[in-house]
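First comes the structure, then the notes that go with it.
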Amino acid sequence: MGAETGAGRLWPLGALAVAFMALAPQVLQLFTIINLTTAIALALLGLSLGLIWGYGGILCFGQTVFFGLGAYAYAVAAQNFGDTSTAVLVAIAVGAAFAALLGYFMFFGRVSDVYLGAITLTVTLVFFSLIRRTSGPEYKIGDALLGGFNGTSAPPLTLPWDSAAILFPNQLFYVAMSALTLSYFGCVWLTRSRFGRVCAAVRENETRAELLGYDARLYKLGLFTIGGGLAGLAGVLMANGVGRVTPDLFGLPYAAQAIIWVIVGGRGTLIGPILGAFGIFYLNSWLGSQQLVNLNVVLGLVLIVFVLLLPQGLAPTAMDLAARAMRGRGRARRRRRPRRALAAEPAE
Amino acid sequence: MDLFLALALQIVYGVSNLALISLGLAIIFGMMRVINLAHGEFIMLGGYTVIVATSHGVNLWFAMLVLAPLVVGLVGVIVERVLIRHLYGRMIDTLLATWGLSLFLIGAVTTIFGPQTTTTISPPIGAVQIGGYGSSGYELFLILITLAAVAGVYAVLRLTKLGLVARATMQRPDMASALGVSTSQVYMLTFGFGSAVAGLAGGLLAPITGVVPTVGAIYIAKAFITVISGGAAILAGTLSASSLLGVVNGVISYATGPTLGEVALLLTAIVIIRIMPQGITGRFFRKSL
């Protein structure tokens, strides 16, 4: 857990992201670009869960609640104000504020583990059934009809200084990619800051962290709130990628998938959940285009196989292998004896 | 008076329904500290067993009361051997693996039977009159059978040798194993027993709810939240939580409609967990089964 990549290894990643951002619209078709925007939104959702689960040990089954709330807040605010930049800020604020509220409710009640999972899952399902019920003209916030099962339309992003200049799909892709990249590096910075290190300490041993004088509840709450804000931002991107917000954003399938991305990509890394989200997204659309195997069969097997055989996930396993290969080259000859010595040590 | 009686019956049915769908999950959670998120799909498999069996001419009662628990119990034993066995003591990992299993079962059943079933079974008992109100006789039957199932689980755990051995194993596996109990077999049978109860619930509910591959999703959230808010004691926890939640659900549903009833149920459960993080039986009825 907590694989820390040195600063030297971060800049190639940033360069890769920038190169991808510059090249993709030149090479790829428009349809693929629009799809990519959705995938990026999901990756950001994955990153938010990877942050709070991997670095705070908070197993949130309903990260989708902040995602959905962010998307709805964006759509409603944009329809009311006509200005989308304010709407983006509103969406992030709503995601973070609700996370703070729910987090206060849970962490200060010392709810943890499975119980925390149960509460968050329930909360997202509550929103799912409540929002599905809001069809009809009486359910509206300002000018925005909530639209029940069919959801409501999400106005596309505009330039901050000119609300008539609607962004084209290519420009939307630039925005989404920059948001993801900046969020990723923000999270890396956060996990290396003092705050992030204390969060990791709380994750490893809550009692010990408290005995050292840190209020575990506050640190968890802070991390959870940041995760909620990120998920809210992901909701904004999702609303823009799809063009509508629907109750499905709160539903079980997205909630389950977010968990799968983190498991597959790797708990305790930040790049893992992002790659996991992209991978599963394209696996999804590939499987959706053929009739041979049912999608759920594959997703289920992937989850089972990873939990049983690769509990660390892809990113840490790959890093392990790479590190071992590097080391192996240097001292291949001396390998055997130290290993046997290790095996002789008593197990803990 | 008639209205009151009909409403009361409806609420009691709601409570027993909640208890019926949660009981199998509660056995597995209470005894083994394993949360089986594929529980909803076990219920679904029970329903499919009844559909397949009756379409081959098997008597409906036999299919519901014998075949469904038997088949799903067997599935449970297989799942325990293949999957759960490797994950004891890792609560979160079991949760995730069984979530994967749930997706897998939904997909597999969809592949075999298609996304919808055309066969429906009508409830084998007709309506019953209570004053001016008609009530489903089958729902009355379900209330009775839930009571019987709870009594049966109590009897197995309290009165039989197997139950004694199982409870001993759950409390002190090392000691039980030193006394010659094969703990691995006990785990397997306990998981199978819980699964069988889930299969029974699925078989019994098939005539009411109909069966589609995704039907498990309806049950799992409710069963999960009932078991968690009930806490570790299997029967006391399930009964107390499903009574509380079932009454809230029934009253709010009657006043405002089914969706808000559901929401009220979930919110009540959240409040219970917030106040009593170990569930109701973590605070009250501690020594109970």
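Every residue, even glycine, has its Cβ placed from backbone N, Cα and C.
The transmembrane segment annotation in TrEMBL covers A:12-45 (among others).
Remote same-chain partners of the transmembrane segment (A:52-75), defined as residues 6 or more beyond its termini with a Cβ less than 8 Å from a stretch Cβ, comprise 1-2, 45, 84, 87-88, 90-96, 98-99, 102, 113-114, 116-118, 120-125, 127-128, 131, 144, 146, 152-155, 191, 196, 199-200, 202-204, 219-220, 223-224, 226-229, 231-236, 238-239, 245, 247, 249-251, 254-255, 258-259, 262, 266-270, 272-273. According to TrEMBL, the transmembrane segment annotation covers A:52-75 (among others).
Per TrEMBL, transmembrane segment is recorded for A:87-107 (among others).
Per TrEMBL, transmembrane segment is recorded for A:114-131 (among others).
The transmembrane segment feature in TrEMBL is assigned to A:172-191 (among others).
For A:218-239 (among others), the entry in TrEMBL reads transmembrane segment. Residues 37-38, 40-42, 44-45, 47-49, 51-52, 55-56, 58, 60, 63-64, 66-75, 87-88, 91-100, 102-104, 107-108, 154, 175-176, 179, 183, 187, 190, 195, 198-199, 202, 209, 245, 249 of the same chain sit 6 or more residues outside the transmembrane segment (A:218-239) yet have a Cβ under 8 Å from a Cβ within it.
Sequence-distant contacts of the transmembrane segment (A:259-283), counting only residues of its own chain at least 6 positions beyond either end whose CB sits under 8 Å from a CB of the stretch, comprise 1-3, 13, 38-39, 42-47, 49-51, 53-55, 61, 180, 184, 187-188, 191, 298-299, 302-303, 306-307, 312-317, 319. Per TrEMBL, the feature transmembrane segment maps to A:259-283 (among others).
What TrEMBL lists as transmembrane segment is A:295-314 (among others).
Across A:12-45, A:87-107, A:114-131, A:295-314, stretch A:12-45 shows the highest tally of CB pairs under 8 A with the transmembrane segment (A:172-191).
Beyond the transmembrane segment (A:12-45), the same-chain residues lying 6 or more positions past its ends with a Cβ under 8 Å from any Cβ of the stretch are 63-64, 67, 169-170, 172-174, 176-181, 183-185, 230-231, 233-238, 240-242, 254, 257-258, 261, 271, 273-274, 277-278, 281-282, 285.
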